[in-house]
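Just below is one structure, and these are the notes that go with it.
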């Protein structure tokens with residue numbers, strides 16, 4: 001049966017709008033993740049990931065993710081998916097990160113690798129396509145990395161995107177579009193966007209300074225000049241310091257013993273400093289010379305900056321001083337709307353309950369500390385009273401001993417009489 005053209009076009013449109021999910025991981029099958037994620041053996045002392053929802057959460061099962069478990073370690077873990085190219089379509093990379101340990105220095109980013117990666121040998125120098133996510137180290141580094149590998153070179157974004165640095169779960173999203181634009185979102189809100197060509201140094205500049213252009217010798221960039229009619233007053237030059245006119249040689253000054261007496265010097269009240277002629281507008285002033293630019297012969301536009309031949313592996317390749325970070329809700333797709341919806345259905349559903357649980361724990365901890373402090377003060381007060389009672393007992397004992405000694409001495413004296 002032939003379908004009407006409008007209906008047929010509608011069905012085609014629905015099919016075209018269907019999102020493609022290249023990778024999704026929520027860790028909802030217990031230890032099943034260990035069959036999908038491969039540990040690198042490049043170093044024998046890589047840190048271990050464990051499945052955990054952490055010390056506080058919105059939903060104990062849904063919030064389970066990969067948690068770093070050992071301090072001061074490098075971590076290297078990855079999962080493979082069916083290779084795909086993002087040529088001609090949007091790429092969306094999304095995941096959640098929770099630094100519940102109040103991280104001081106460590107990465108919270110992911111890397112997307114091409115098909116050729118040996119997962120068992122993945123390490124910090126393994127070539128990747130894209131690196132994206134938060135990185136924190138001390139007060140100076142709290143940024144979201146967005147790094148693209150372009151023609152074998154890792155190119156960093158020219159903008160500073162600040163990441164979240166609290167203890168709660170946050171949703172990070174990178175969108176790369178086939179028109180060479182991008183968008184970075186945190187918690188489903190845009191924090192940065194723009195052009196790949198403008199915000200990364202992928203290509204040589206479109207314009208360069210004309211190598212043949214030279215500033216004219218008579219080009220005067222001085223806005224002000226000395227007034228040629230101004231002259232220094234005749235009485236201007238005075239010494240900065242003069243002998244103190246009120247000083248007198250001490251009466252007991254012996255020049256043979258003390259040398260020739262010289263009065264101390266003081267600041268000269270008539271000293272005016274260095275004379276400088278007054279300034280006037282320069283009649284020959286032409287402004288700052290601007291080096292003329294020309295088209296850069298080495299510049300060549302690239303409409304495929306955004307595109308990669310294939311993506312096949314998502315990896316966690318990072319360093320952490322203090323462990324405890326939880327990664328969850330990984331998603332790689334070609335559909336921005338689906339990614340936003342997925343974020344709302346995962347992070348969005350549990351974020352409020354997570355905060356409530358943390359607030360409750362903090363309040364319980366505060367009350368516990370108050371109770372411990374109260375108990376400590378009470379114990380100190382009891383110890384103080386016991387010490388005072390002990391001192392009183394010792395004083396009474398000393399007084400008693402003194403009385404006994406006095407009585408004994410008196411008795412002895414009486415016997416001697």
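Along the chain as shown, the residues are counted starting at 1.
Cβ coordinates come from backbone N, Cα and C, glycine included.
The signal peptide annotation in Swiss-Prot covers 1-17.
Feature annotation from Swiss-Prot assigns region 'N-domain' to 18-197.
Residues or ranges marked as N6-(2-hydroxyisobutyryl)lysine in Swiss-Prot (evidence: similarity to another entry): 64. Within the same chain, residues at least 6 positions away in sequence whose Cβ sits under 8 Å from that of residue 64 (N6-(2-hydroxyisobutyryl)lysine) are 27, 28, 51, 52, 53, 328.
What Swiss-Prot records for 159 (among others) is N6-acetyllysine, and it gives similarity to another entry as the kind of evidence. Counting only same-chain residues six or more apart in sequence, the Cβ atoms lying under 8 angstroms from the Cβ of residue 159 (N6-acetyllysine) belong to 192, 194, 199.
Per Swiss-Prot, the feature region '4 X approximate repeats' maps to 191-255. When pLDDT is averaged over the region '4 X approximate repeats' (191-255), the result is 93.
According to Swiss-Prot, the feature region 'Disordered' maps to 193-277 (among others).
What Swiss-Prot records for 198-308 is region 'P-domain'.
Within the same chain, residues at least six positions away from residue 209 (N6-acetyllysine) with a Cβ under 8 Å of its Cβ are 291, 292, 293, 294. Taken from Swiss-Prot, the feature N6-acetyllysine applies to 209 (among others), supported by similarity to another entry.
The annotation repeat '1-2' is assigned in Swiss-Prot to 210-221. Proximity of distant same-chain residues to the repeat '1-2' (210-221), defined by a Cβ-Cβ separation under 8 Å and at least 6 residues beyond the stretch ends, is recorded for 282, 284-289, 291-294.
What Swiss-Prot lists as repeat '1-3' is 227-238. Long-range contacts of the repeat '1-3' (227-238) within its own chain (CB-CB distance under 8 A, at least 6 residues past either end) are made by residues 268, 270-272, 275, 277-280.
Here Swiss-Prot flags 237-270 as region 'Interaction with PPIB', drawing on similarity to another entry.
Beyond the region '3 X approximate repeats' (259-297), the same-chain residues lying 6 or more positions past its ends with a Cβ under 8 Å from any Cβ of the stretch are 204-210, 213, 215-216, 219-227, 230-233, 236-244, 247, 249-250, 253. According to Swiss-Prot, the region '3 X approximate repeats' annotation covers 259-297.
Residues or ranges marked as repeat '2-2' by Swiss-Prot: 273-283.
The repeat '2-3' annotation in Swiss-Prot covers 287-297.
Summarising the annotation, Swiss-Prot assigns region 'C-domain' to 309-417.
Annotation comment: Swiss-Prot describes 350-417 (among others) as region 'Disordered'.
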